[in-house]
Amino acid sequence: MSTKLDTILENPQYAILCGITVFTLFIVQLSLFDRGRNYPLLNPKGSFEISTNRVVREFISDSRNLLEKGKSLFKGQPYRANTDWGEVVVIPPQFLDALKSHKDLDFTIPAQDDSHCYIPGFEPFDADPNLSKVVIKYLTKALNRVTGPLSEEASIAFRTVISDSPEWHEIQPQPAFVRIISRMSSRVFMGEELCRNEEWVKLAGDYTVQSFKTGDELRMYPRWSRPFVHHFLPSCKEVRRTLNAARNCLNPLLERRNAIKAEAKAKGEPCPYDNSFEWFEKEYSTHDPAVAQLNLSLVAIHTTTDLLMETVFNIAQHPELLAPLREEIVRVLSTEGLKKTALLNLKLMDSVLKESQRLRPALLGSFRRLAMADVTLPNGDVIKKGTKIVCSTSHMWSADSHESGEEFDGYRFLRMREKEETEQGKTSHPHLVSPSSDHLGFGFGNHACPGRFFAANELKIALCHMLLKYDWKLAKDAVPRSASFGMILMPDLRTKLLIRRRSEELDIDSVES
């Protein structure tokens, strides 16, 4: 008997299946307690099905088409859907302006739950409000003085990761860009010494990739089963190992850092450091430095790498953009230097980035909120307390929101910007960092991404280096295809780039910052 039990426990998939089967027998049909029962359900479970596991898995594998179906069926009215984020009420985008600052709609609780921060190893996904405070209070205010360090680190990272070879060579863009953005972000967050610690850079990049991939795997299981399932999943164990390795990597570095700070204090000298280690110490009474740094890295690395990759793909498919983008960089940086204000004047680049994000935002569902009390919608309907709402992002590429909405147009938001500048009082939100109900790439409302200003600067600096120093094209004339996985809209990870060093028109490494 014990031998059979040992065999079961040694087989993770069998153990998981048994566990789910046992627990499912005790699950009461959740539909009896639906908080949004007055809305039609897009993908109901079968009459004899105990759980929604099948329909959720179908949603995960075909979410983009299902959300388009919901949009077509319910025509601007709220509806329910069984998703990898649980049962949600999908609200139409025309409701967003009225709800964007609603005090009873909370982002933190559903974000924490959907990111599995209750599972050991996923602590860096904790949507702590103090993180937003750190970003707004320290990082955003430091933008002007970090452009130089960001550019310096970008130069080293591109040379290390992409190489200076003038010959065409093939790269896998996702891991390459993860390393580059990790280095750039860590330069600001952790300082020059630590950002060049290859062990830390690798661990931060590995944790980002592993945790998001494992999170996707966990969403294949019912929410109630995940606190049990994670014990058996090798990927969850790997996430925990990487987090512990990150802690072990930082400990000796922090000890040396603290000794230097203590020595400076004893001499009556100011603290020699001004980066996120100090920011967190000022804002938190107690915190785990590795978790805090990985929290910042998750926010900075994943979404920034994602948008950089998509933009590089789009430029490769529209090579006519290369010359005007390079001309803009040379004109702006040669006259204004590498400053925050100069980056704001890279208007075509800003438009290309925003257009890339419009056509493939990181999520198929934005404005994720939990009703903390009954909330009245603009049409008079009442969302009951405890209901999770979300807005599909499919309208971002719809002709209802944008002319020729399904086509890439790198000049789209530049034209809007120029029109806005000539028409006083008109606001079309053409800037990359300006969220609107028509463009949810950085979220919307009170909980729009607080790090978007830093991300925009980091992206522009990375693109300045790449455009000036490299030629690139898609390998084997590939056409990148995004893929949906539940509420996540992923880039094409199979597409490779051919890239080579070129002679730049402007030596960006010599531009004054």
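Here the Cβ of each residue, glycine as well, is placed from N, Cα and C on the backbone.
Swiss-Prot lists transmembrane segment for one of the ranges 13-32, 453-472, namely 13-32. In the shown protein chains, 24 other C-beta atoms lie within 10 A of the C-beta of Asn295 (N-linked glycosylation site). Across the structure, Cys449 (heme binding site) and Asn130 (N-linked glycosylation site) are spaced 14 Å apart at their Cα atoms. Put simply, Asn130 (N-linked glycosylation site) is 11 Å from Asn295 (N-linked glycosylation site) when counted between their Cα atoms. Packing around Asn130 (N-linked glycosylation site) is summarised by its Cβ count: 16 other Cβ atoms lie within 10 angstroms of its Cβ, all protein chains included. DSSP assigns Asn130 (N-linked glycosylation site) to a helix in the three-state reduction.
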